[in-house]
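First the structure, in the form of structure tokens, and then the observations on it.
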Amino acid sequence: MNNPIEGHAGGRLRVLVLGSTGSIGTQALEVIAANPDRFEVVGLAAGGAQLDTLLRQRAATGVTNIAIADDRAAQLAGDIPYHGTDAVTRLVEETEADVVLNALVGALGLRPTLAALHTGARLALANKESLVAGGSLVLAAAQPGQIVPVDSEHSALAQCLRGGTPDEVAKLVLTASGGPFRGWNAGDLERVTPEQAGVHPTWSMGTMNTLNSASLVNKGLELIEANLLFGIPYDRIEVVVHPQSIVHSMVTFIDGSTIAQASPPDMKLPISLALGWPQRVGGAARACAFTTASTWEFEPLDIDVFPAVELARHAGQIGGCMTAIYDAANEEAAEAFLQGRIGFPAIVATIADVLQRADQWAPQWGEGPATVDDVLDAQRWARERALCAVATASSGKVSDMVLERS
């Protein structure tokens, strides 16, 4: 992975933080504040739901170059130069930055991702959905090495891949904690509540990422992301369960050796590495204490109980807009679950239903989406189809779930 960014004349890297009020964004600002000799904030962007947090960030950083997607929140904040549905994209286009951290949630991050790549800035990508949805569009817009992953698994893979040449790679191994329901059977999952799905055993994340981790949809998205970022075919990417979340991923080489990246679960490490790539940031996180007795476990993923990863693999192998459809169907189904309209297993069942009906979005002559509108049209169709599936799944299930939770 090459490094197209050398920094501007002042020596510090200018960082534009998209999704600054979320879990990744707030931790990134802490990393930047702790390393004023390495980084400076040149802009902030947020949806507007956590306005108090954004106002505190504005005061702490002194940054006035801010975008808020919600017009009402922007009006309440006052003196916001960019607001409205296209505010974040305009902020990216008009801000001189060395690094754009995209920590937005969901496929709405696609246009800002493309805008960041077009500016030539390094893209520190936490918004995996934009890569999953945009696929070949995003890759075509990127210079070699311009996209640096923030996800701990892909950050780990990028580090491990330094240990060999591309033709020496046998397979990638993505690790998964297994989520809060590891070891449960399919029947147990029927009674899972949003509160239970909102607690992760090892990571502290935002609501949607935590839910996606519980359903293993997040690992499905990461499988697609690994294929796109590193160009390794799907049949050479494995997913294994590692409950301790210390080994973040591994690369096995053709000579039988495996290189792993290990560290206690702390997102500040991959965040800092993405901001400073290829240089590391000293003291970003604590290291493993190897003199203290510990056990690291690895086990196969139960794909019968948690089929989300294999659905993602299937969508990725088909190509076209199928990965965008996987992502959009999940967003609708996950929201329906959080609202108590469907049961937990219906999230992945909805994705499967939508993919099964999506033949029209399969690739024509091996082609991917040609434009952003192609992606958005596919996702619009997927959301509509998902809502139909949710309505069907809701029959007889919502009342049972409400009774269980009352």
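Heads up, the Cβ atoms here are built off N, Cα and C, so glycines get one too.
Close to THR21 (NADPH binding site) in the fold, though at least 6 residues off in sequence, lie ALA46, GLY47, ALA49, GLN50, THR53, LEU54, GLN57, each with a CB less than 8 Å from its CB. The NADPH binding site annotation in Swiss-Prot covers THR21, GLY22, SER23, ILE24, GLY47, GLN50, ASN127, GLU129, GLY206.
Among the features that Swiss-Prot reports, 1-deoxy-D-xylulose 5-phosphate binding site is placed at LYS128, SER152, GLU153, SER177, HIS200, SER213, ASN218, LYS219, GLU222. Annotation for HIS200 (1-deoxy-D-xylulose 5-phosphate binding site): same-chain Cβ neighbours under 8 Å, separated by at least 6 residues, are SER177, GLY179, PRO180, THR210, SER213, ALA214.
Marked as Mn(2+) binding site by Swiss-Prot on the basis of sequence analysis: ASP151, GLU153, GLU222. Of all Cβ atoms in the shown protein chains, 26 besides its own fall within 10 Å of the Cβ of ASP151 (Mn(2+) binding site).
In this structure, GLY206 is the one among the binding-site residues GLY47, GLY206 with the smallest number of other Cβ atoms inside 10 Å of its Cβ. Here the CA atom of ASP151 (Mn(2+) binding site) lies 8 Å from the CA atom of GLU222 (1-deoxy-D-xylulose 5-phosphate binding site). In sequence order, LYS128, PRO149, SER152, HIS154, SER155, LEU174, ASN218, LYS219, LEU221, GLU225, ALA226, SER249 are the residues of the same chain, not among ASP151, GLU153, GLU222, whose CB sits within 8 A of the CB centroid for the Mn(2+) site.
Within 10 Å of the Cα of LYS128 (1-deoxy-D-xylulose 5-phosphate binding site), the following binding-site residues from the list SER23, ASP151, GLY206 place their own Cα: ASP151. Least crowded of the binding-site residues (GLU153, GLU222), judged by neighbouring Cβ atoms within 10 Å of its own Cβ: GLU153. Other C-beta atoms found within 10 angstroms of the C-beta of ASN218 (1-deoxy-D-xylulose 5-phosphate binding site) number 25, with every protein chain shown included. In sequence order, ASN127 are the binding-site residues from SER23, ASN127, GLY206 with a C-alpha within 10 Å of the C-alpha of ASP151 (Mn(2+) binding site).
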